[in-house]
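A.B. asks: Pasting a structure below so you can have a look.
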Amino acid sequence: MKNLPPEKISAFLIQSDPDSDGKLSIPSMDLISGMETILDQNSTYIFIKDIAGRYIFVNRAVKELFNKPLEEIIGFDDSHFFDLGVSNELMLNDRHVIEQGETIEREEKTFVKSTGKEKIYWTVKKPVRNDQNEIIGMCGISTDITDRKRTEIALCTLNKRLEFLLSSSPAVIYTCRAEPPYAATFVSNNLTQMLGYTVEEFLSTQDFWAEHIHPQDRYQVMSSLCDFSTQNKHILEYRFKHCKGHWLWMRDVVYAVTNPEGNHTELIGYFIEITDRKEKEQALVESRNLLKTVIDTAPVRIFWKDLESRFLGCNRAFAQDAGENCPEKMIGKKDSQLNWREQATRYCNDDQQVIRTGVPKLDYEEPQTTPNGDTIWVRTSKVPLRNADDEIIGVLGVYQDITKQKENEDYMAMAATIYKFCNEAIMVTDENNFIKAINPAFTRITGYEPGDVIGKNPRIFQSGRHNNSFYKKMWQKLQTEGHWQGEIWDRHKNGHVHAKWLNISVILNTDNSVYCYVGQFSDITEKKKQDELLFKQANYDLLTGLPNRNFFKDRLTREIKKSQRNDQQMSLLFLDLDRFKDINDTLGHDKGDKLLREVALRLTSCVRKTDTIARLGGDEFAIILPEIDDKSRIEAIARNIINKLSIPFKLDKKQANYYISTSIGIAIYPDDGIDMKALMKHADQAMYAAKLAGRNRFNYFTRSMQQEAYEKMVLTHDLRQALSRNELQVYYQPILDLKHGLICKAEALLRWKHPERGMISPHTFIPLAEESGLIKQIGEMVFTTTVANIKQWQNQFGYLLQVSINMSATQLTSLKKNQLTDYLIQQGMPGNCINVEITESLLLKDTPVVKKRLLEFLNDGIEVSIDDFGTGFSSLSYLKKFDIDYLKIDKSFIQQLADNTTDRALVDAIVVMAHKLDIKTIAEGVETELQRRLLVDIGCDFEQGFRYSPAVTAEEFTLLLKKQRNQAVKIQDLFG
């Protein structure tokens, strides 16, 4: 109950009878006595008086206030405790309550005799009634508000002082919210005097303050206020818009007010106008910037040091020379810390001399090291640096880079030396073109001494090779452009004519009149010979001496233009040597080169002197026949070429005959093309058509060839795509043992299933692969796929099945050493799982490449078969030179085996011969049971053909192997 509020205490003192319409009556003394203990705990002054104003009850707070025992209080009125004036006023209030029956609340200022102190109370007094509703006294509760009243008076005084200070202060005080847009909640009245806005305007909208900050300053101000998390004070400078529209600079000091939890509750601050100061600062900055700009843009380096030669400042050019990007980084440094540390001692000694003597040191040259380590030359001046009292406080210096000037001086000296010792001749003539000077090289090149030519006109050197028009054009160019250069032929003093490359320059006076002419030349006679050699090397085939492709294209372009001008026809022949690659691969490049040289001689004998023969590369030639429009003449030349090239070639000491033929394509201008590209393309297509027609012939270009060439190009493109799209598949045709009829080998055959054209024959796409160079990539794919399938079948059926792969001359010669074996070892497969099939033409000559590859196969266990045996060249000597494992008898012998006794005899002879050489035989193209029986009777070892199965996919071949797996005789028992 201690310190209960008055309304609570009243509830204890005054009982309200619900039947008495709210009338109050005093409780019995027994009840008061019972509550005395509770009321004594309250510090509020509680008392009851009778109708005469005498105290009939007080709590302990009253007793302590009066500092008297209860018996000296009860029955006494206020005159015993207060002075006369206070007691009269208190009793007057009591009588008002008793007489009027009203409750009063008011302040009462008292002076208690017992304490001797003046106090102020807030007192509530109510009348007390008996059961008859008669007023018999009053009850009072007083609260001491002395301290509060004093505080209010102090605050009021303080507010008046603040109002005075605010109205007379240059700073505008404000408070605002602690979150964006920082709406102002208070602003001092002097705002109007500073910015012209009323307080009401300033507080009218939440973003009034933010919106009137200059747009260029607003972001920075708002960002700073958002950063109150790290500090509770910010000093801001920004421009604020005056009510009349102009901008004023403000200096704003802002503090954050935080609650006990550390959260910002509001911001309080003040701002003052600093426009005048900012303008002065800006003017000072501009003045300093102007001075700095003058110093930084001065064409010299400027620096100043203290008495100990430490840098106090410099301009930008000096800082850059010292390797710094700004002058401020130079302050406090010494020369020994910079890139010219090697010169630092000398620089410092010069500084100290100037400081010590007070005498300037002016215009002296010295070296300086640059940041990249180069040395430059500078011209330096140093003077004493003095303060306002004329005391020397350091040294002021300037220097200028004179490296270029010194270089120019050196250059002039060097030019004189060059003039004297230059390997090129130099001749100077005056404005009238009379010789004034020559250098020693002039004498060495021309043979003329200075006394022979000084004062004479250069025409004395003319050789007579150039006409007057030549010299006239030379002088015209000199007069219009001030320079001429070109090749000129002059006469040496000894009489011989030599070529010179001459440069003539006109040197002018300041008024643009001619001062002199300077001619510089070198003898290029030998160079011209070298140029002719280089031209020949660049435009002629080094092997045959014929024009090369570059020369040919240039000549063809000129002949087309000439034919166009003269409205004439011309012809273009493209030649390709048939089967030249076989000879080159088998006999070697030396023999191939010899054949090409002989071909060039024979071609030259077939054409006119006005015609052009060119070797385009490899075994391709081209012939341009200008001014010829008679097809019979063209055909006569083409036939003559074919006949001449059909004559045997002697390429070695054995005088053996080697035969080639040629396929010729003919395109005619303008019928088959009006430009070089079209004519060459169509002649090439015609040549290709001649090859397809059987070789050793010529063909004219037709429009159908263009379509065929297009088809060929498209198919070649599709073939490239087929590799990446896995359209090429490896099929396998079984090879059976004729004695037991079991599959013991297979041949890998490539098939192409085109997504749009269906199955495309190998006879169609294999030549394209050879021509396009794809054969190597395709061959590698076939090999790796085959090895993978062999490995799969070995794991599945428990024995090793040998598979043959076909290999052309290109594939065989392009193989790297042990390429096949290395891959087989990598896959864990033996060499004898692969059989390489080659044609007879590869073995015609004992070439190093072929011999080397076959020897590798032998050493690595890879077996070799001769494909289509009996259809190639007649020589069988290769059978004893090379280790051959199998002969594959061509199907042309097998087809008529039952009907043609000659074919039967040939097959019998082949088998007998092979067995004598320990070579096994495989019959190709076996289609009937009768053919099989005849081959068994002859003693042939193996059969391959449609009788048993065509070439099938790897999956289908696996089914064939499963089919025979359960036969009584197992393949490994027969063949190990």
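Heads up, the Cβ atoms here are built off N, Cα and C, so glycines get one too.
According to TrEMBL, the protein has these features:
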- 35-75: domain 'PAS' (DOMAIN)
- 105-157: domain 'PAC' (DOMAIN)
- 158-225: domain 'PAS' (DOMAIN)
- 234-286: domain 'PAC' (DOMAIN)
- 362-414: domain 'PAC' (DOMAIN)
- 426-457: domain 'PAS' (DOMAIN)
- 568-703: domain 'GGDEF' (DOMAIN)
- 712-965: domain 'EAL' (DOMAIN)
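Neighbours and distances for these, please.
C.D. replies: When DSSP labels each residue, the domain 'PAC' (105-157) comes out as 12 helix, 31 strand, 10 coil, counted as helix, strand and coil in that order.
Within the domain 'PAS' (158-225), the DSSP-based counts of helix, strand and coil residues read 35 helix, 11 strand, 22 coil.
Packing against the domain 'PAS' (426-457) from elsewhere in the chain are residues 419-420, 490, 492-494, 500, 513-523: each is 6 or more residues past its ends and has a CB under 8 Å from a CB in it.
Here the domain 'GGDEF' (568-703) has, by DSSP, the following mix of helix, strand and coil residues: 58 helix, 38 strand, 40 coil.
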A.B. asks: Please list, for the domain 'PAS' (35-75), how many residues fall into helix, strand and coil according to DSSP.
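C.D. replies: Counts, helix then strand then coil: 16 helix, 10 strand, 15 coil.
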A.B. asks: When the pLDDT values for the domain 'PAS' (426-457) are averaged, what is the result?
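C.D. replies: Its mean pLDDT is 93.
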A.B. asks: Per DSSP, what is the residue count of the domain 'PAC' (234-286) in each of helix, strand and coil?
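C.D. replies: Residue counts for the domain 'PAC' (234-286) by secondary structure: 12 helix, 30 strand, 11 coil.
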